[in-house]
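Taken straight from Swiss-Prot:
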type	residues	note
BINDING	13-23, 219-273	NADP(+) binding site
ACT_SITE	TYR54	active site, proton donor
BINDING	HIS116	substrate binding site
Amino acid sequence: MSQPQNTFKLNDDIHHIPMIGLGTYNGAKVGEVGDAVKVALKSGYRHIDGAAIYMNEKEIGHALKEVFAEGEIKREDIFYVSKLWNSCHHASLVRKHCEKTLEDLGLEYLDLYLIHWPIAFENADPSGTTTQPLRDSDGEPVLAAVSIRETWQEMEKLVEYGLVKSIGVSNFNVQNLVDLLTYAKIKPAINQVEVHPYLSQPNLKYFCDRYGIVLTAYSPLGQGKCDLLSNETLKSIADKHNKTVANVIFKWLNQRGIVTIPKSSNPARIIENFNIFDFQLSNEDMDKINSLNSNLRTCTPANFCKIPLFD
């Protein structure tokens, strides 16, 4: 991948991740995510964040094929991220599901592959061909006797095989990372977690900085479940810079050294969200935004299991 200006260097000192990308979680309509990817890439984005469990990587693959066929944007210009789902942690399944993702996308390699959550479920299919978990009589996923160490060792092999350039994790807390760093031959390049002004994650950020792990912020606007966009402090800062509140939040993240991956299917908003490289927030602006933290989570595992990972 060529190195665009607005990137963060990863801890291998070779690869760089663009500061802002397009999130692709939960496209409601067929074609919606593919159209969003095309708009984003043609508007300057070079970072697309996906996952097998989003069930739309074939659609993204078709969009990438169309864009590449036009000739102006090449595969090496794009930083594509995908994730290994919880029911695919067994050593025998990691490569299989990475290759399935590559097949769906029509790509030969991933720029970054993440363990989606620090929890393993048994696979519903004995041959492990699905992302669906085996469920108990209460409908809850059955936990698998698979350690993060076992899964991480297989992730490291994906780098050796040339299937992925970098590997990382998602939704890992400090304790998860401390354990991982004791045995990792390849350190995680990224930890992707929820970060926004109401959940600023200063302690996790400090730890990740200390060990060379870049944070990526998902749900930077709180998934629309809180009043970030109408917050008076954020609105006043946005007015001062003649920017949107979303622009201010994304800039606040980037100035903290955090990648952000806002999701939108609205073409105008996709373009507007990228408009963060022509202004700077002052120290006073940053302090005001930092003061909004209330440790409010909008994303928990409750939508797929009853395990309180963040308690």
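Just so it is clear, glycine is given a Cβ too, placed from its N, Cα and C backbone atoms.
Counting only the Cα atoms, the space from LEU253 (NADP(+) binding site) to TYR54 (active site, proton donor) is about 24 angstrom. Rounded to a whole value, the Cα-Cα separation of ILE271 (NADP(+) binding site) and the residue listed as 'substrate binding site' is 27 Å. Using a 10 Å Cβ-Cβ cutoff, LYS235 (NADP(+) binding site) registers 14 neighbours.
The two recorded residues, LEU22 (NADP(+) binding site) and the residue listed as 'active site, proton donor', have Cα atoms 14 Å apart. Its Cβ taken as reference, TYR54 (active site, proton donor) is surrounded by 20 other Cβ atoms within 10 Å in the chains shown. The residue listed as 'substrate binding site' and CYS226 (NADP(+) binding site) are 24 Å apart (CA-CA, integer value). Ranking the recorded positions ASP13, TYR54, LYS235, THR244, PRO262 by Cα distance from HIS116 (substrate binding site) puts TYR54 first.
The sparsest Cβ neighbourhood within 10 Å, among the listed binding-site residues (CYS226, LEU253, ILE271), is found at ILE271. Cβ neighbours within 10 Å of ASP13 (NADP(+) binding site), excluding its own Cβ and spanning all shown chains: 8. DSSP classifies LYS235 (NADP(+) binding site) as helix under the three-state reduction. Counting only same-chain residues at least 6 apart in sequence, those with a Cβ under 8 Å from the Cβ of THR244 (NADP(+) binding site) are ALA238, GLU272.
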